[in-house]
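J.: Got a structure for you, questions after.
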Amino acid sequence: MAISFRTLALLTLSVLLISISLGVVTATESQRNEGEVLTMYEQWLVENGKNYNGLGEKERRFKIFKDNLKRIEEHNSDPNRSYERGLNKFSDLTADEFQASYLGGKMEKKSLSDVAERYQYKEGDVLPDEVDWRERGAVVPRVKRQGECGSCWAFAATGAVEGINQITTGELVSLSEQELIDCDRGNDNFGCAGGGAVWAFEFIKENGGIVSDEVYGYTGEDTAACKAIEMKTTRVVTINGHEVVPVNDEMSLKKAVAYQPISVMISAANMSDYKSGVYKGACSNLWGDHNVLIVGYGTSSDEGDYWLIRNSWGPEWGEGGYLRLQRNFHEPTGKCAVAVAPVYPIKSNSSSHLLSPSVFKLVVLFVFQLISLALL
């Protein structure tokens, strides 16, 4: 039976009105009133141990908190999002305040002159589909906190050294970031004012090693008063130097991570409220501002390929202190510039834990031949 024009028009109008009504309800429900937000804020203050003493400071921070909450909820309402944002200890900070206190990565192009072919990806290389150095015992379980100090470079450096030391010796030792902050002043590292993992590796080599954080604990303060001379006999970990992964090449970076944790710089200014998922959000793909440690990679069935990154903002941030960042990006620099400045420490026999791809292929062929002969 044919539908009249009048009937069709009424049906269309009804659907439109229902859609508008649903939209109004959804919008109303998503908009919190001032009292609800204030209750959330008071609870957040308790959970994060915040206490403001300055006149009007609590009110000023509340306004910032509201703005950040709005940004979080607007992002999380997008059905096509690849990651979640959430409230955390940074939720009362402006973007400028966050960047000034928690970023600190510095890297001059001259420091990338030590590019090595050790992890240059070659056609035919066989690499694992996924890697997680936490499962192999090469990552200190406790996610560390840099605090309000731009010392991310020190944490990325110690994490990489902790990893290669465990891979080479079988011993996992948590190392001292504070020694680097206090004592590594000869290059372009400036304590809480920022620095780079490359120069930290140089310092550790030239200094004859680095002590554990049990001996030289972290304070997060930029005193420049080096206490390491008193601990000369307690050095526990040494390295032979450092090298740079071929830059702007995610396949070479993947190969490097298959061998050991790698220190990189990423553009992290927009990641203060990252909570979970594979980050595909806004960032610079040209140059980084924050040092972190890649400890693995993998593929999510929902969000695709990712890098597994250990941060130094404590376990309350992100996925227990970790970030999953989009991998196999369409630009050679990688997502958020992850492939621009990848560096790693080297230690005697540091490559002995994993067969080279070419040798691995020969071993696989040999095993298959043995199996074939056994079945004859």
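Backbone N, Cα and C atoms are what each Cβ position is placed from, and that goes for glycine too.
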J.: With the disulphide bonds as Swiss-Prot has them, who is the partner of C192, out of C149, C152, C283?
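T.: Here Swiss-Prot pairs C192 in a disulfide with C149.
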J.: Candidates are C226, C336. Which one does Swiss-Prot pair with C283 through a disulfide bond?
T.: C336
J.: Considering the candidates C152, C183, which is the cysteine that Swiss-Prot reports in a disulfide bond with C226?
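T.: Disulfide pairing in Swiss-Prot: C226 with C183.
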J.: Nearest by CA distance to C183 (disulfide bond): which of the recorded positions is it, out of C152, C192, N270, C283, H290?
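T.: Closest candidate to C183 (disulfide bond), judged by Cα separation, is C192.
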J.: Compare the Cα of C226 (disulfide bond) against each of the active-site residues C152, H290, N311 and report the nearest.
T.: C152
J.: Looking only at DSSP and grouping its letters into three states, which state does C183 (disulfide bond) belong to?
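T.: Note: C183 (disulfide bond) is helical by DSSP.
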J.: If I take the alpha carbons of N311 (active site) and C152 (active site), what is the distance between them in whole Å?
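T.: Rounded to the nearest whole number, the Cα-Cα distance is 8 Å.
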J.: Measuring Cα to Cα, how many angstrom lie between H290 (active site) and C152 (active site)?
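T.: With the alpha carbons as reference points, the distance is 6 Å.
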J.: According to DSSP, collapsed to three classes, what secondary structure does C336 (disulfide bond) have?
T.: helix
